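*Asks:* This is the structure I have questions about; it appears just below.
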Amino acid sequence: MGPRATTICSLFFLLWVLAEPAENSDFYLPGDYLLGGLFSLHANMKGIVHLNFLQVPMCKEYEVKVIGYNLMQDMRFSVEEINNDSSLLPGVLLGYEMVDVCYVSNNVQPVLYFLAHEDNLLPIQEDYSDYVSRVVAVIGPDNSESVMTVANFLSLFLLPQITYSAISDELRDKVRFPALLRTTPSADHHIEAMVQLMLHFRWNWIIVLVSSDTYGRDNGQLLGERLARRDICIAFQETLPTLQPNQNMTSEERQRLVTIVDKLQQSTARVVVVFSPDLTLYDFFNEVLRQNFTGAVWIASESWAIDPVLHNLTELRHTGTFLGITIQSVPIPGFSEFRERDSQAGPPPLGKTSQRSTCNQECDNCLNATLSFNTILRLSGERVVYSVYSAVYAVAHALHSLLGCDHSTCTKRVVYPWQLLEEIWKVNFTLLDHQIFFDPQGDMALHLEIVQWQWDRSQNPFQSVASYHPLQRQLKNIQDISWHTINNTIPVSMCSKRCQSGQKKKPVGIHVCCFECIDCLPGTFLNHTEDEYECQACPSNEWSYQSETSCFKRQLAFLEWHEAPTIAVALLAALGFLSTLAILVIFWRHFQTPMVRSAGGPMCFLMLTLLLVAYMVVPVYVGPPKVSTCLCRQALFPLCFTICISCIAVRSFQIICAFKMASRFPRAYSYWVRYQGPYVSMAFITVLKMVIVVIGMLATGLNPTTRTDPDDPKIMIVSCNPNYRNSLLFNTSLDLLLSVVGFSFANMGKELPTNYNEAKFITLSMTFYFTSSISLCTFMSAYSGVLVTIVDLLVTVLNLLAISLGYFGPKCYMILFYPERNTPAYFNSVIQGYTMTRD
């Protein structure tokens, strides 16, 4: 025996204990093809009491559920409208048989009844492909747990089942439920609409209340997972106590409600999401009213979002703003009149029996209860009824296709459940300006709406304030909401206020929504899209002020021609160049005179030429550094300057040799003269300087670099050498040594003849260079700002002037103004006088 047969046998006994109470015309209408309807006409909570007894609960023992009865009336209206339509199913009469499923175990008996034959027998067969059940399709039930129970039976027969309000995502599994479809969006869309509502109003600190049944647990878990991905935190989540059937609330359950409302009072969260059947909420909201809890935003799940009985607790208006997620409102022409006409007709007569009846087809108080809520049902826009309406029409259109109907006739024949199911999957038609079709998961893409509860009798009690489109997964058409706050301000529900621009979050506690706001320091910025908890450092060429979300390009600082210090130094350099050029011309014209020859002769022209080149290198200090300008700064100028100083040092040594060492060390002096000692020395010094320059360039490179101005971080100083201070000491070490040597030899020759006594001029030049270089290094060790470049250039020009004017200036002065002292006779007399004095 297969698993299907085993399942059927285990429940076969129930088919023989079916009661036959009085028939009510609301529940049964004969026809060529019957639709089964499962509606909750009485309110009862899931419990365990009736599961201990082998009997079906009697729904009439519980309170009437107005919405359920209203939905049942809509199915009656839909079938009647289809039967009156001469084009949809011409010549075919559609009937129905509906059952009240107020309790979880009530679903088993009706589904077996729907599957059985007219004689209440359900045969055990190996193949049900050609089996014809009592009904061709089932509409309902309303909640996910009951739908799964029914679907597990109907799926064995592939009997079409269309639910109108069950939203569980489990129902999308077509492997488990191949015959199940629904005319309402899934829980995924309901939760997404809630989350987008919270995001729109920037609520990130909420409270979640759930019922203890599967509906509450599953939706609470789904909401928690969705909120975690959107950085919305749950302050706390509580489970509402669930009453057992026909039982009063116990003291423990009462205390539980008191504790929950106390936590609501103490919490800083002001948005409360409630997933629960409506009956559980009556005692809860009464406790809320008793403790005078106000100022909340209540977000209702679809199970109670448009419940007229809860809305009838008018004092709830003082507890805050009520928003609910529900199906879109689609007015059905004529339905309100149909319901009111049916209510005015009064209850059906009792005592009428029928062998077709099953149990729980009674609702003596439904008409009176519906009549008392008729106004609110009419004003609310008949929301969920369209889901039932479209479900019935989907079956009718499938029958239209299956029976080969045209505008006048249909071919009546046996309809097998699996055939009708295939046609239902294919339906695609327009109903009241809405396209009706099922996606691959069996869902219908109807819009959801956010409704606000209103208690003004002249207004819709469930006023639409926004709409959610499942296909776009987007909240649209958000309208103004009447907030129950001072000055109608939007309620704030945040653990921590939103940080201002440029502030990072410092977590406080375990919730990501609770944090402190700390300003980002200068030089850092906050990238909200990457990390809200750490400020990122700006790139090296950018900067930011405090509390910034982006960095800006640092201003590049270098010497520019329009700046006053640059102009002043350029004028000094021009003066030095012109004066050096003039000295060169004077020396050229008086090349054969003793004054020029005593100053060094050809060596003077080498020095003057190098000085002119050094002056011409000065402009490379101005403007943005480049590889070529850096090469001139680090190689050409130091080399020129070193050769000049080496010439002075060698010239001083040569004079000392001529007057003091020639007589003492004649052999050494002869070698010095024979092998061109001055030029060999200068060549050696030049090569040594070139080695120093090459080593410096290899160590630091020629590419321009930038460094931050210590006085103003938004400025980047562009320079040729990142370690200019260290490289300056390295490059000038030889020059400083030569200046000391030149100074020493000049000091040794202070007793020489006047025309050869250059001690005071060399001392002036070398002392100035030595002092300025040491001062520059000292200045750079204490300061590294933008003034370094201009001070370096100024010292460079002054050192050049010290040689040009300090060393060559006095000689030009003697040549021009004392020509009588620039004769061989005068020089010889001076030398003879020096010799006689030494003797």
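The chain as shown is numbered from 1 upward.
Cβ atoms here come from the backbone N, Cα and C positions, even for glycine.
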*Asks:* Read off the topology recorded in Swiss-Prot and answer whether W588 and T823 share one side of the membrane.
*Replies:* yes
*Asks:* Swiss-Prot annotation N-linked glycosylation site: which of N428, N731 has it?
*Replies:* N428
*Asks:* When neighbour density is defined as the number of other C-beta atoms within 10 angstroms of a residue's C-beta, which of the glycosylation sites N84, N292, N487, N527 has the lowest density?
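*Replies:* Relative to the other glycosylation sites in N84, N292, N487, N527, N487 has the fewest Cβ atoms within 10 Å.
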*Asks:* Using Cβ atoms and a strict cutoff of less than 8 Å, what residues sit near the transmembrane segment (567-587) while being 6 or more residues removed from its termini?
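*Replies:* Counting only partners 6 or more residues beyond its ends, the transmembrane segment (567-587) has Cβ contacts under 8 Å with 561, 596, 599, 604-605, 608-609, 611-612, 615-616, 618-619, 622, 790, 793-794, 797-798, 800-801, 804-805, 808-809, 812, 815-816.
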*Asks:* Return the count of C-beta atoms lying within 10 angstroms of the C-beta of N312 (N-linked glycosylation site), excluding that atom itself.
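*Replies:* N312 (N-linked glycosylation site): 14 neighbouring Cβ atoms within 10 Å.
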*Asks:* What same-chain residues lie close to the transmembrane segment (785-805): Cβ under 8 Å, and 6 or more beyond its ends?
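*Replies:* Distant contacts of the transmembrane segment (785-805): 557-559, 565-566, 569, 572-573, 575-576, 579-580, 583, 607, 611, 614-615, 618, 621, 637, 641, 644-645, 648, 709-712, 715, 717, 719, 724, 764-765, 768-769, 772-773, 775-776, 779.
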*Asks:* What does DSSP say about N527 (N-linked glycosylation site): helix, strand or coil?
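*Replies:* Reduced to three states, the DSSP call for N527 (N-linked glycosylation site) is coil.
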*Asks:* So among N84, N428, N487, all listed as glycosylation sites, which is physically nearest to N312 (N-linked glycosylation site)? Use the C-alpha atoms.
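*Replies:* Nearest in space to N312 (N-linked glycosylation site), counting only the glycosylation sites, is N487.
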*Asks:* Give me the long-range Cβ neighbours of N428 (N-linked glycosylation site): same chain, 6+ apart, Cβ under 8 Å, in sequence order.
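*Replies:* For N428 (N-linked glycosylation site), the qualifying residues are Q435, I436, F437.
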*Asks:* So what's the mean pLDDT when you look at the topological domain 'Extracellular' (703-727)?
*Replies:* 77
